[in-house]
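> Next up is a structure, given as structure tokens.
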2 protein chains.
Amino acid sequence: MPNSTRNILPTKPTRTVFIISDGTGITAETFAHSVLAQFDGIALRQMRLPFVDCVDKAHDSVRMINEAGQRDGFRPIVFSTLVDPAVNQVVRQANAMYLDLFQTFVEPLELEFGVKSTHTIGRFHNISDSEQYKNRIESINFTLAHDDGQTDRGLEEADIILVGVSRCGKTPTSLYLAMQFALKTANYPLIPDDFERGKLPDALYLHKQKIFGLSITPERLSEIRNERRAGSKYASLENCRYEINEAEAMMRREGIRWLSSTSKSIEEIATTILQELKINC
Amino acid sequence: MPNSTRNILPTKPTRTVFIISDGTGITAETFAHSVLAQFDGIALRQMRLPFVDCVDKAHDSVRMINEAGQRDGFRPIVFSTLVDPAVNQVVRQANAMYLDLFQTFVEPLELEFGVKSTHTIGRFHNISDSEQYKNRIESINFTLAHDDGQTDRGLEEADIILVGVSRCGKTPTSLYLAMQFALKTANYPLIPDDFERGKLPDALYLHKQKIFGLSITPERLSEIRNERRAGSKYASLENCRYEINEAEAMMRREGIRWLSSTSKSIEEIATTILQELKINC
């Protein structure tokens, strides 16, 4: 496009969204993102302000919010999960649309429960000492050690064993299940050797009730494999069709539940697995 | 405690909390968990109902909610992120305290932006095709391939390189940075050989601006290492003291920023690293 036409097009105004928290603000940011995804055609710049846990930092935040508003020509949107009333009160003074994720729900819950909330900042700050936290780290270590069928040892400790052809999404899903839900998740590739023998890897038969399969369309698999090994037989559509056919036939024969990862996010795959295996996390 | 006294203590009532979503509900669950953590002494049972994306499933959910209320003797708490008005309307009929995470913020935002929200379910359903999603998977693969100093190749592609002694939290933090923020994160152990040479591993000098250090108290490190190799020299408090002293001295000497992971969650460590390296995700 020539420069002259660009100049006569109106510039789309951009608005700034702040996510402000006395913790990491990561949950609030993901939440804000999904609410804002409901608005098409609004240009947004998202900014997370974590660890705002004292009045000084609250004043700094107000300055940043007000500056963004002046630059944009629109007041910013603020998603807040501030717990401390003193800090919250300062940030509320910013010239912004203030959405209080925290207080909006805490007040009605106080009425419902008939008790006051503790207004404790960073309930999770010392989480690293807790049993739950240790389980999480242990699950990540277990999952890494049992990635890609590296070892059969300790499979009896696994909560879930994923199977599927190479590059169908087993590793990211396993790591997510460990990281988010503290589930020890082993994964095992199904390879041409298994298809020739017509059997699952031997180590898996003892643990069939924990096995869940991932599949994928041959077209998508070929695309993914070609990014790694362009033009190889391994990545060819013909070979991908063969492997997927064999893997799905084997899973059907062995009574293994499976899903197609083709158009699903890691979160959706993980949630579906928990539903199917009836694991309540 | 003898059985007789247990019988005269009043049973603490338990209330059920439902997280209901047409997507995975994972963000809503984490959010609900942190709001509810503000209430001490209330016994809660949390239950996630994902993929409630049609009126039939909405009716099933209402049944589950009402049954829980009858069992508990208290109406359940429902955190909803339902987008479809028809589905939402059905679930609202349940006998429960209904907290609408979605509509509560979408309505004021519609006024602010002067446009209607799209009310689209599962904005992320086809995310697996997007560039962003590919980056995420690529970052996870990169991070796995560059765990624990496995290879120097491709370090120029890394967004972050973590260093620190063995078992100080580098691997879980690296995987989280990749999974949550799509950052390619390599990690390198600092080992006694490095301390004797008095230098960082050679491969790292080219990339000093991307390096961030993790440290930990010797007491906590010894505890963690003893879980793996009880009674070893490697796990002894004396050796942990030596390694931590040397590692911190080296990081100071080389001008590497670092933090102590001792009482921090993975999310807090990751957020602090992004702040310090001024990476805006």
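Backbone N, Cα and C define each Cβ position, glycine as well.
A quick note: this is a predicted structure, and the numbers were derived from the prediction, not measured.
Feature table excerpt (TrEMBL):
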- B:G164, B:V165, B:S166, B:R167, B:C168, B:G169, B:K170, B:T171: ADP binding site (BINDING)
> Near chain A: which of the binding-site residues B:V165, B:C168, B:K170, B:T171 have their Cβ closer than 8 Å to one of its Cβ atoms?
B:T171
> Please give me the CB contact count at 10 A for B:S166 (ADP binding site), counting all chains in the structure.
17
> Near the ADP site, what residues other than B:G164, B:V165, B:S166, B:R167, B:C168, B:G169, B:K170, B:T171 in the same chain have a C-beta no further than 8 Å from the centroid of the listed C-beta atoms?
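My list of surrounding residues reads B:N187, B:P189, B:L214, B:I216, B:S261.
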> On a simple 10 Å Cβ count over all chains shown, which one of the binding-site residues B:R167, B:K170 is most densely packed?
B:K170
> Cβ atoms within 10 Å, counted per site: which of B:G164, B:G169 has the most, among these binding-site residues?
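When each Cβ's neighbours within 10 Å are tallied, B:G164 tops the list.
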> Through the lens of DSSP with three states only, how would you label B:G169 (ADP binding site)?
coil
